[in-house]
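Have a look at the structure below, then the notes.
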C-alpha cells in the first residue's frame, strides 16, 4: 500500500453524540489523555480551580461548563490518526451539532446509565440514521447507581431502533461497582477509585473463574447468571452490520474515573471506518482519489482574541492538502491559494503542512467562504450537506448606543455566517430580528457582541413565532407576493427572502392563499 493510501486508512473521523451532562466532555478529555494530547484531564466540575475542559474554550463555555462551539481535535492512538469533532453538548445547540454530523464517518454515543436514552440523543441519532453512520456506544457512570444494564440495552434497541452487541459487561454498580468483564476475551478488568486524572494500569485477570475472590462470591454468582442471559438474549457483534449502521457495539464504564474508556477506544479504532466516499450533486467522490476535494461545515469567528478573523472548518473528502496549493471555490468560480491552513486543538491553532481525506483543516476566511461551500482542484462539484434549519425562538435586538448600528449589523452578519444564530432584516422597519434554536444562543450573541465588537445590546419580545424561507420560480407571482405580504417579509443574513409569521394560523393561511409559493423550513447553503 502506498504512503498516500496508508495515510487515508489511518484516519478515523468521528463526533460524540449525547444528551447534555451524559459525560461527553469528560470522555473527550480522557481520549485526549490517551492520545497524549494533554497531560492531565481537568474535570468540568473543577471550575473554581481554573481547570477547564480542553474542548470548552470560549469564555461563556468556561463559565458554564458547556461545549457551545464545535472544535476539532486531532491526536494519534493505536497507530491511527483520530479526528474528534467536539459537538455542542448543551440542549440549545442542536443546529451546529447537526451540521457537524455531516463531516464524520462514524459516531460515539455516550449514554448516562443513570437516566438512559434521553431526548437530545434521540434527535442526534435521527440525523446519524439519515446517513447510516456507524455508531459505537459507551454506557457511562457505572460508579453510580445506574439503571439495570439489560434494561438499558432494551431501551436503546426499542427507542433508537438499532441492535446492541455488548462487548463487555459491568460487574455491579455504584459503590459495589467492581469492574467489567470482556465477553470476547474472557478477561476481568478490576475497578479502583481515584484515577480519573491519569492513565492508570487497572488490574486485569484472565478467566472469569480466576476473578471470583477479587469480586466476591455474591457478585460473581450474579455475574455468571447475567452473562448466560446476555449471551442468549443479545446480538453478537457483526462488523458488516455495524458498518451499515444497523448494530452498535456497547461498552460499559465510568469516564470520570477513566475506567472502560481505553477498552472502548481500542474497539473504536479497530472497527470504525476509515474515510468514506461522499455524495456530490454531480457524482460520488471516493476518499482515495488523487485530487483534493472537500466542503465547509462550520465557520467560527475570532478564535484568536488578537485577530478579528474567521476560520472555515473544511472537511477533506479526497486528495491531499499541501501548504501553498491553489484550490477552486465552486460557488464563486474563483481560484484560492491556501498558504496558512490550520489544525486545531480546541482554541490552540497550529499551521498544518499537509492533510488527507478525513482531516479537518481551518481556512482563513475574510468573508468569502460560507457554510456548505465546496472546494476542488478545478472540477465543478458541490457536495450535498445538511441545510440551515428554521429558528424556533425570536427576539428583537435593542441597541444601547444608536451610533453603534453599523458595528451591530456587521457583528450579527458574522455570527449568522457561523451558523450559530440567524439574523433577519424586516422590509418595513429598521429592526433586527434574531432567530435561534435555543434560548442560550441569545446570551452567547450578546456576550460576543460586547467582547468582540464592543457593542452592548439587549433583547425585546417580537411578534414572530415561525420563519419560512420563500422560493418561487415565477418572478411576477413572487413580486406580487412581496407587495401583498411586505409586513411579514424579511431578508436573512445571507440575503434570502423569509416569511416571519406571528402565529401558526397566519402561516397556514398564507400558504393556502399562495399555492405557487414555496414556504420552506430549511435552506440549503
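Just so you know, glycine gets a Cβ as well, placed from its N, Cα and C.
Per Swiss-Prot, GTP binding site is recorded for 18-25, 86-90, 140-143, and the stated evidence type is sequence analysis. Annotation source Swiss-Prot lists domain 'tr-type G' at 9-276.
According to its DSSP assignment, residue 24 (GTP binding site) is helical. By neighbour count, meaning other C-beta atoms within 10 Å, the densest spot among the binding-site residues 18, 87 is 87. Ranked by Cβ neighbours within 10 A across all protein chains shown, the binding-site residues 21, 24 are led by 24. In the predicted structure, the domain 'tr-type G' (9-276) carries a mean pLDDT of 86.
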